[in-house]
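Single-structure report; data block below.
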């Protein structure tokens, strides 16, 4: 569960990018955040793992009964532990192109390895099996030993998703992951998100400009306008009037 209480974010130049954000996202939800560029979507997502600090308010994250975090008070080792549970994706694939697909997926475990094993690039049999399972989950197993730079953009983004789920996260935050893809590939990637959300019960929060994809795949849509939530609910209730409120000038 992720809960925002009266969250505000003001940049040093005085720009108010998040205004009185109050919302609760339950475990296992697939949530789309929509709105114009500059509405505060990316800033909102980046407060969840404290890439962006908030100016006021509170954010609470419950990973399980034994791991509960108040973001304002989370730092050091506690923050590192929280971030292990949060997978990050963006429109950039962030693959190492000269490495194989399997090695790219294995790289998600490096942060949890000791220094010498990480430097040597040594992965255990279990780690390799888990990485292959992540690729199989997304029907990418046949590409395991192919260099990443031989794949299409859509395939590379799906490898990035496999790498993210190999991290074994409870939450995935995706910032415009399909913006650089054509409609067919964008749908394929969204299908993958939906699959891992439903089959692995991973909470997925996605910042997306494609409203049609949000309506098609997501359980809930949050609409931001000038840093404020102006819509939060079932995609079926997102009518023309609400879209005009979110995107109108």
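Even glycines carry a Cβ here, placed using N, Cα and C.
Pulled from Swiss-Prot, these are the features on record:
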- 2-246: domain 'ABC transporter' (DOMAIN)
- 35, 36, 37, 38, 39, 40, 41, 42: ATP binding site (BINDING)
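On its own chain, residue 40 (ATP binding site) has 9, 17, 18, 224, 226, 227 as residues at least 6 apart in sequence with a Cβ closer than 8 Å to its own Cβ. Take the binding-site residues 35, 38: by the count of other Cβ atoms within 10 Å of each Cβ, the lowest one is 38. Using the Cβ center of 35, 36, 37, 38, 39, 40, 41, 42 for ATP, the list of other same-chain residues with Cβ within 8 Å runs, in sequence order, 224. Here the binding-site residues are 37, 42, and the one whose Cβ sees the fewest other Cβ atoms within 10 Å is 37. Looking just at the domain 'ABC transporter' (2-246), the mean pLDDT is 91. Summary for the binding-site residues 36, 39: the Cβ-based neighbour count within 10 Å is maximal at 39.
In the structure as shown, the Cβ atom of residue 41 (ATP binding site) sits within 10 Å of 25 other Cβ atoms. In the three-state DSSP classification, residue 41 (ATP binding site) falls within a helix.
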